[in-house]
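Structure, as structure tokens:
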Amino acid sequence: MGAFTFFLLLTFLTAAGHTAAADQDKISPRLRHKLTDYPQWPVIVLGRTQFLNGPDAFDRFCKENGDQKRSELRKTLIAELGKIARKEQDEIIRAAGSPKNAVRLWIVNGVGLTLTRAQVRKLAALDSVKYIYADRGTPRLKGRGKVARILKPSPSEPFALSRRKLPWNISRIGADRVWRELKVTGEGVTVAMFDSGADYTHSDLRANTWINADEIPNNGKDDDGNGLADDCYGYNFARRTPAVMAAPGKQHGTWTSGIIAGDGTGGIQTGVAPRARLMHLIAWGSYCNAGQAFQYALENGADVMNMSFSWPDLGQARGLIRRMCEQATCAGLVMVSGAGNFGKGGKNPAPVPVQLRIPEGIPCVIAAGGVDREMKVPGFCSLGPVEWAGVKFYEDFLLPGGLIKPDVCGFTGPGYPLLGTDPKSGRSGYVNPNTTIAGNSFSGPHVSGVAALMLSAAPELPAWRVKEIIEQTATPVGKDGKNSRTGAGLINAWKAVRAAIFVK
């Protein structure tokens, strides 16, 4: 073999080795591990072209678009994200063998698939593929459920606080002052509830349930052409069914819904924004489900998303959900999450900096920490800071400083009434007195309710400005400014709504 021929062969082998290593670097470590134990695994294949690139891209977008109307941003972003996705997803799906169960995600230009080891290696070699994440192992089910109980559309009546008891948690954040003096009650705002479903027929929720007017209940058809049949009040992406009614005895979603928009029909005014509408989304189990829920909320006009889930130990997939939340925020969806219940005094304690998980640990998400009636932080409350070291495409907020979380705080409970439904009779009522139910799942809805009031008063306010104003107007708890126990302080509805009106 001549020296020149040997040089060419060595160059080819070296290049091939570099290419194989580069392709391997596109596969998440968790996925490589899963595929040593299982013949195939659910994944999300991230396309090469992304709307936001790099840890500073979200902040740059916000600075460059601060004077834009939220409605225009939504219209533009949905179109642009869809255009980016269409450009590359066909090639990815063809390379995977064109499976019928492929899920297209425009929120991040990704495709949900179930792949073998060989298919993963094949897709990683494509120029159109940026990264391949292991999804969670929950199978993507396809159900045949129906809408359990059908509501008749009814116009909202003028809100009046008379003859209704006002709980202390609502008055302490100043929501009632917003209703009385500013005449702002959440009218015109839709809050997407990423939860376990709710009793949307409860007397205090019925009038405030979001209704898809283009869908005919239980005819088994996709009347509005969005790919989903009978999605009248939202959708259950976890089971591929329009049934979003909470199961008997499962009342978490009813409790959180009541804090946001309970209208006091039964005699107790539990809701911060009593004329907001509630869209119910169930998307447990997978990142693909979550992405579809975010897309549904954006396409169907939701303004705020209240997230009642907390995923630990996501590895590189933390970056995937962060990208989803950042791009949803750019498109005008205010993202809110309880800060979690993983403090040292809780039942499932975790060390700092992983007490705040996903989505609450994402910078653009409003993480709601908690205080009790005496303004003390319960021992179960998750504390910051959070770090993003080692997360591909980000690598920011390094310790020891990290990212200060939570952002603000609400009231964890117990001590204030919640909506309740008798599991045997189905009768609407209240958990009052509430002596045991507590958690940051209930701090978050206080913040979502305030965000709904702000957008009712100033509909075109960009979503990231809502977060900024909520922090700027919070009432400090303690003397050390924004901190990793209570964030910027207790939310102040009165100041937040007035500030939103001033800048609109």
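Using N, Cα and C of the backbone, Cβ positions are placed for all residues, glycine too.
Just so you know, TrEMBL annotations are computer predictions that nobody has curated.
Summarising the annotation, TrEMBL assigns active site, charge relay system to Asp195, His252, Ser441. The annotation domain 'Peptidase S8/S53' is assigned in TrEMBL to 186-489. Sequence annotations record features per position, and here TrEMBL assigns signal peptide to 1-21.
Each residue contributes its Cα atom, and for His252 (active site, charge relay system) and Asp195 (active site, charge relay system) these two points are 8 Å apart. In the three-state DSSP assignment, the secondary structure recorded for Asp195 (active site, charge relay system) is coil. For the domain 'Peptidase S8/S53' (186-489), the mean pLDDT of the prediction comes to 97. Asp195 (active site, charge relay system) sits 10 Å from Ser441 (active site, charge relay system), counting Cα to Cα. According to its DSSP assignment, Ser441 (active site, charge relay system) is coil.
Less than 8 angstroms from the CB of Ser441 (active site, charge relay system) sit His252, Trp255, Thr256, Ser308, Gly338, Asn341, each of them six or more residues away in the same chain.
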